[in-house]
Amino acid sequence: MSSPARPRATRPADPAPPPGTSPPIAPPRPVCLPLRRRRRIQQRNTAMSTTTAPAAEHAQADPYALRPEDARPAPTVFRDRIRHLGPGFVLSAAVVGSGELITTTALGAEAGFALLWLVIVSTAVKVWVQMELAQWTILNGRTALEGYRDVGPRIGRLSWINWLWIGMDFAKMFQRGGIIGGTAAACSVLWPVIGEPLSWGSLALWAVVVTLAAVLLLQSGKYSLVERACLVSVVVFTLVTVSLAVGLPGTEFGYGGSELGSGFGFEIPAGTVGIALAVFGITGVGADEMTTYTYWCMEKGYARWTGPDDGSEERARRAEGWIKVMRLDALTGLAVCVLCTLSFYVIGAAVLHPQGLVPEGNEMITTLSRIYTDTMGPWAEYLFLIGAFAVLFSTLIGSTASVPRLWTNTLGLLGVIDWGDVRVRTRTIRVLTWCLPLLWACFFLWMQSPVLMVQIGGIGGGIFLLAVVVAVWRLRSTGVPRRFRANPWLTGALVVSSAAILCVGVYGVLKTLGAVPE
């Protein structure tokens with residue numbers, strides 16, 4: 001027997017509105033949109049809110065200005081710190097190039113494994129000076145050239161170190177011309193286009209092509225573009241150069257532990273002092289790259305995210321955090337430099353030295369490529385030429401991006417332009433990005449000897465490196481609070497680094513001048 005149905009509950013009727021008034025309006029029922037549609041609407045609203053006035057403000061944002069609203073805490077987790085790396089890759093692309101492929105390989109060909117220790121020392125010892133200079137930049141929000149001007153005595157509007165940099169950069173024009181020449185030589189061997197490989201017409205054409213390619217790639221002057229281009233170059237040439245060196249033991253030019261062990265006698269063979277000085281000035285982080293690194297740290301945001309110095313504990317902690325990120329960035333770049341520098345030196349010592357071959361002029365590229373063809377096959381020649389192109393072109397990219405910034409800053413210090421005006425600064429950098437590389441190409445077409453040109457620039461860089469060490473210690477004492485100088489290990493590393501640079505630099509200069517007997 002079924003139970004009787006229950007009466008359906010009914011909602012009591014709303015009371016009738018008072019006479020003369022309109023009935024109440026029911027609230028609208030919520031519309032339940034699909035999740036995807038809600039996300040699209042949210043993204044569209046976010047995009048609309050960021051493309052108004054703030055867009056114009058960010059377009060004109062000055063990476064060299066410190067503003068309180070730009071300050072942010074530094075990442076504390078290793079994985080998050082890796083995401084903020086970048087200047088070290090730009091520096092590696094600029095450092096690993098002419099010095100490693102041209103001068104280091106030539107040194108290995110001339111001295112064998114005897115100077116392996118110098119290659120490692122010259123690559124690793126300078127990074128501590130680099131980090132100290134970058135720390136000063138993060139704490140003060142100023143570039144290295146601005147700091148050099150504070151180190152007296154002054155000559156006119158600039159310090160003696162600024163004037164020394166100007167003289168050094170004129171010497172480095174030979175080196176950058178050699179970089180263009182080496183890149184053009186690699187392209188000429190791969191694809192002569194005009195005449196025979198390494199003929200004047202082929203070299204001239206490729207010199208113009210690679211120069212214009214670097215200029216067009218970097219004419220916007222954006223740091224993000226520079227960082228991406230350099231990161232790709234670093235990955236390519238690191239894989240290629242290490243593979244070429246590791247593959248040698250399986251050939252007739254193999255090497256073992258005894259050969260590597262003989263390279264740590266800490267002696268400089270007779271007749272190799274000049275090229276050894278050039279290697280110390282070029283391999284690893286040179287004085288020019290130490291100076292440039294401060295600009296990349298500022299454009300990446302390390303100083304801007306630290307914020308202006310308001311004397312607060314919060315700001316000091318932010319500075320400590322971003323300095324740790326900078327040190328990780330610098331050590332990452334150091335690892336790349338050590339791997340590639342050792343690879344090129346081993347190639348020269350194992351392959352060229354036993355045969356008595358020392359690359360000269362444009363034959364530097366063809367000598368190595370032919371040897372790889374004879375030992376590993378034609379594919380090895382193409383692999384070497386691709387690696388040589390990646391190494392040299394990455395250095396050209398780094399120089400094309402950095403040198404116009406340094407000269408623009410120098411013109412600002414001289415009062416020629418207003419460095420603080422973003423538009424004036426950007427326009428000047430773009431003009432110099434066109435003019436300077438074309439000038440370097442003219443130097444190569446006039447001289448056409450990459451090895452000699454790179455060595456001239458290396459000697460100039462070695463002399464300027466002595467002045468940078470003096471400046472770093474002066475700026476450390478006047479512009480770095482005691483809190484950031486308290487680590488005894490870092491201080492000890494800086495002392496050893498400075499002493500090594502000064503001793504080798506002074507000895508090399510005296511040796512070059514003939515003041516030291518053989």
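Don't overthink the numbers, they just go from 1 along the chain as shown.
Positions of Cβ are set from backbone N, Cα and C atoms, glycine also.
Note: TrEMBL annotation is automatic and uncurated.
Going by TrEMBL, these are the annotated features:
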type: COMPBIAS; residues: 1-13; note: compositional bias 'Low complexity'
type: COMPBIAS; residues: 14-31; note: compositional bias 'Pro residues'
type: COMPBIAS; residues: 44-53; note: compositional bias 'Polar residues'
type: REGION; residues: 1-32; note: region 'Disordered'
type: REGION; residues: 44-70; note: region 'Disordered'
type: TRANSMEM; residues: 88-107; note: transmembrane segment
type: TRANSMEM; residues: 113-129; note: transmembrane segment
type: TRANSMEM; residues: 177-194; note: transmembrane segment
type: TRANSMEM; residues: 200-218; note: transmembrane segment
type: TRANSMEM; residues: 230-248; note: transmembrane segment
type: TRANSMEM; residues: 268-287; note: transmembrane segment
type: TRANSMEM; residues: 328-352; note: transmembrane segment
type: TRANSMEM; residues: 382-407; note: transmembrane segment
type: TRANSMEM; residues: 428-446; note: transmembrane segment
type: TRANSMEM; residues: 452-475; note: transmembrane segment
type: TRANSMEM; residues: 487-510; note: transmembrane segment
Residues from the same chain, set at least six apart from the ends of the transmembrane segment (328-352), whose C-beta lies under 8 A from its own: 81-82, 84-89, 91-92, 95-96, 99-101, 104-109, 111-113, 115-116, 119-120, 123-124, 127, 130-131, 134, 234, 237-238, 241-242, 244-245, 248, 253-255, 259, 263, 283-285, 293, 358-359, 367-368, 371, 375, 391
Same-chain residues at least 6 beyond the ends of the transmembrane segment (200-218) whose Cβ lies under 8 Å from its Cβ atoms: 180-181, 183-185, 187-188, 192-194, 225-226, 229, 362, 393, 396-397, 400-401, 433-434, 437-438, 440-441, 444-445, 448
Same-chain residues near the transmembrane segment (428-446), Cβ under 8 Å, at least 6 residues beyond its ends: 173-174, 176-181, 184, 203-204, 207-208, 211, 214-215, 218-219, 221, 396, 399-401, 403-405, 407-408, 411, 417, 453
Closest-packing stretch to the transmembrane segment (487-510), where packing means Cβ pairs under 8 Å, from 88-107, 113-129, 177-194, 230-248: 113-129
Non-local residues, at least 6 beyond the ends, that sit with Cβ under 8 Å of the transmembrane segment (230-248): 86, 89-90, 92-94, 96, 100, 254-255, 336, 339-340, 342-344, 346-347, 350-351, 372, 376, 380, 383-384, 386-387, 390-391, 393-394, 397-398
